[in-house]
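S.K.: According to TrEMBL, the protein carries these features:
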- 46-67: transmembrane segment (TRANSMEM)
- 79-102: transmembrane segment (TRANSMEM)
- 114-137: transmembrane segment (TRANSMEM)
- 257-282: transmembrane segment (TRANSMEM)
- 302-328: transmembrane segment (TRANSMEM)
- 348-369: transmembrane segment (TRANSMEM)
Amino acid sequence: MLGQTGAMAGVAAFMIVSSVYKIPCLCYARYRWGLLGFLAIPPRKLISWFISPLIAGFFASSFYLIIKYSVLLRKDTFKWALIMCPIFMCFTITVNLFACIFDGSKYIGFDKLNWWQAGLISFGTGCVACFLLSFPLKGWLRNRAHRLYNEEIAKNQRKLEQGKIKKSKITDMHAPTVDMEKIKDLPWYKYLYTAVPEERLTTKVFNALQIVSSSLLSFSHGANDTANTVGPLLAVWMTYQTGYAFGAAETRDDSQVLLAFGAVAMIVGFLTLGHRTIKLIAKEITVDMSPVSGFSIELGTAFTVLVCVKIGIPISSTHCAVGAVLFVGMTKSTTEGVSFKTFKKIVIVWLLCFPISALISLIVTMLLVQFV
């Protein structure tokens, strides 16, 4: 119990410092290395920390390439965005609902459904959303995109007149120069990763999709990170109550209270320090974070996290998000649209968080053993 408390202290200390300096880190890996401060754990169990950004980056860049070839390379990109939007919405909702339903909450009977029943319900709901966006809500989606586009133009015009256009603080990345006529003559392997223009009106269609993908990503954060952070607290509480850290925690009512406590703590952390990390991921790793790339990043990250949660692999949503941002940035505009200086800083902090968290954990645990 004292060891778990020391590990949580080491993690919390480094989490707060990294958040103040806008560095996205994962609490789970830090906690594992915090445990190393008082207990030897095989480092091979942390292999998921290294591969999770790669997996998320693969899925996110794949989603972006699908959008690129189905929408962005068409002559009338706005028309094709309206055509493909219901299909993307169907996939997004299907994945989200399947993650919720399959092996889901026992309180509403989801745990009794097998995989094909959960898949049928999820796909059916996704098809309903696809139908609504294809017919009844298609006009609303078109009008909404035009309205947002006109509002953006008016807002930028006011800023330009008032001289409030801010310069970017990142100097080692820039938007690539695009010539569609030259792109068509490139070999296929260069054509695949060549930057293409994104019309502002077309991106407003994906703004609606990004709202859904953001909700999916928020759900995956709650399903993954809350459990990872509340786990050690639950172990301390069960040790205090029963003398054993292991047991059927899911059958205890107090475990649900601790999960609710963890959810509230995540909200407070987001309101106080989370916005700093969001700013770095959104603006300082890659240039021109548009709704198209944002949708791909969020969907790829959420898809990776939800799949890993379902098969029992503990990973970091934060690392997945950073990997997805980096891969989509390179897929979108090769290396000139990515700030490797910022990414290098993030990786250095990731590597430092392990020994520092373990050291703080060791010191706190020794103090607790000595004086408690």
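Cβ atoms are placed via backbone N, Cα and C, with glycine included.
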S.K.: Can you tell me which parts of the same chain pack against the transmembrane segment (302-328), counting only residues 6+ beyond its ends and a CB-CB cutoff under 8 A?
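M.R.: Same-chain residues near the transmembrane segment (302-328) but 6 or more away: 24-29, 48-49, 52-61, 64, 95-96, 99, 102-103, 213, 216-217, 219-221, 223-225, 228, 277, 281, 285-286, 289, 293, 296, 338, 343, 346, 350.
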S.K.: Report, as numbers and ranges, which residues of the same chain sit near the transmembrane segment (257-282): CB under 8 Å and 6 or more residues beyond its ends.
M.R.: 16, 19-20, 22-24, 221-222, 225-227, 229-230, 233-234, 237, 289, 318, 321-322, 325, 342
S.K.: Please give the sequence-distant neighbours of the transmembrane segment (114-137): residues at least 6 beyond its ends with Cβ less than 8 Å from one of its Cβ atoms.
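M.R.: Sequence-distant neighbours of the transmembrane segment (114-137): 85-87, 89-98, 101-102, 104.
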